[in-house]
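Notes follow the structure.
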Amino acid sequence: MADTPSVAVQAPPGYGKTELFHLPLIALASKGDVKYVSFLFVPYTVLLANCMIRLGRRGCLNVAPVRNFIEEGYDGVTDLYVGIYDDLASTNFTDRIAAWENIVECTFRTNNVKLGYLIVDEFHNFETEVYRQSQFGGITNLDFDAFEKAIFLSGTAPEAVADAALQRIGLTGLAKKSMDINELKRSEDLSRGLSSYPTRMFNLIKEKSEVPLGHVHKIWKKVESQPEEALKLLLALFEIEPESKAIVVASTTNEVEELACSWRKYFRVVWIHGKLGAAEKVSRTKEFVTDGSMQVLIGTKLVTEGIDIKQLMMVIMLDNRLNIIELIQGVGRLRDGGLCYLLSRKNSWAARNRKGELPPIKEGCITEQVREFYGLESKKGKKGQHVGCCVC
């Protein structure tokens, strides 16, 4: 991976994908002769807040919002700028990168301040978030060759999704065969820079061959009232584990606010949805992650992707439009095990997908649907195949 200019990594939620770039960035920051400046982009503002908290711990890296870089230029101190996809696609960011060498030389009177890594987390969204694809168009104008290395990470990007996602942003796509790095260096067609290289895929899920999320107990339950059942589950959780946290995924922004209003008498609640401003989303996410007294986070499906909370013990999903990627991302927040409930009203599971989108998950065995998504071999009849999800 070290010698490959562009890499994509698919690893199960909870694997520790952050450390795949965090440790190399710390090593780059420790170099005395050259200052490397890297950039990390995540899909949503909610995830941005979580990343800023995690990566800024222990003081090993100087971390700042990419908005600072876009508005003011490089400050001479920051090791890692963190932003969202909208920042990555912005003309102002593209222009800053294009003018990097001239700006650095004029401002700092040196050429020893260089662009390091471009890191994109949960990059499957470039292909699967159909309604946002027009927003990603500006990424194709970025000079990828200005960076020393590009790293694309996801817990839900099988080869077909990964290849399409990379091509969406103007890259070559995945390498079609295993290529030795010396072969890449010898190729006359790949001499222009990073964007000319096919991206090498590291599929850690297939290498492990185990169906992800087996550590989480997943229960599909038909109920008369989703909110009432969710309330019962939460009350039971906090009676047994009062220091724990829970996430509830609602189907609409209105439902988010209604649940937050009615549950405040029982729990300390934080709610987030897309109609809030960016600064408010960041503030509320930080409050839920860092304040041990906050118990329940309520939001639409985007609230779960990539967020990492140690005390989280339960995820409840009330949205019957979730596709398999959204399900995996939601369940994957339970890093050390826990309970995931999918609550559906009796005789009401009839969600439809929009054109171009992945279809909603089906009623039935969740493990089997996860296995099919990742292209793993079926082990029907073998002990352990359905641990934590069903008894079929």
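Using N, Cα and C of the backbone, Cβ positions are placed for all residues, glycine too.
Here's what Swiss-Prot has on this protein:
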BINDING   Ala11, Pro12, Pro13, Gly14, Tyr15, Gly16, Lys17, Thr18  ATP binding site
DOMAIN    1-175  domain 'Helicase ATP-binding'
DOMAIN    232-381  domain 'Helicase C-terminal'
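What Swiss-Prot annotates, mapped onto the structure for a quick look.
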residue: Ala11; record: ATP binding site; contacts (Cβ under 8 Å, 6+ apart): Lys17, Leu20, Leu153, Gly155, Leu204, Ile205
residue: Pro12; record: ATP binding site; contacts (Cβ under 8 Å, 6+ apart): Gly155, Leu204, Ile205, Lys208, Pro212, Leu213, Gly332
residue: Pro13; record: ATP binding site; contacts (Cβ under 8 Å, 6+ apart): Gly155, Pro212, Leu213, Ile328, Gln329, Val331, Gly332, Arg333, Arg335
residue: Gly14; record: ATP binding site; contacts (Cβ under 8 Å, 6+ apart): His215, Gly332, Leu334, Arg335, Asp336
residue: Tyr15; record: ATP binding site; contacts (Cβ under 8 Å, 6+ apart): Gly155, Leu204
residue: Gly16; record: ATP binding site; contacts (Cβ under 8 Å, 6+ apart): none
residue: Thr18; record: ATP binding site; contacts (Cβ under 8 Å, 6+ apart): Arg54, Leu55, Asp308
Shell of the ATP site beyond Ala11, Pro12, Pro13, Gly14, Tyr15, Gly16, Lys17, Thr18, same chain only (C-beta within 8 angstroms of their C-beta centre): Gly155
Cβ atoms near Lys17 (ATP binding site) (within 10 Å, other residues, all chains): 22
The domain 'Helicase C-terminal' (232-381) - residue tally per DSSP class, helix then strand then coil: 54 helix, 29 strand, 67 coil
Mean predicted confidence [pLDDT] for the domain 'Helicase ATP-binding' (1-175): 89
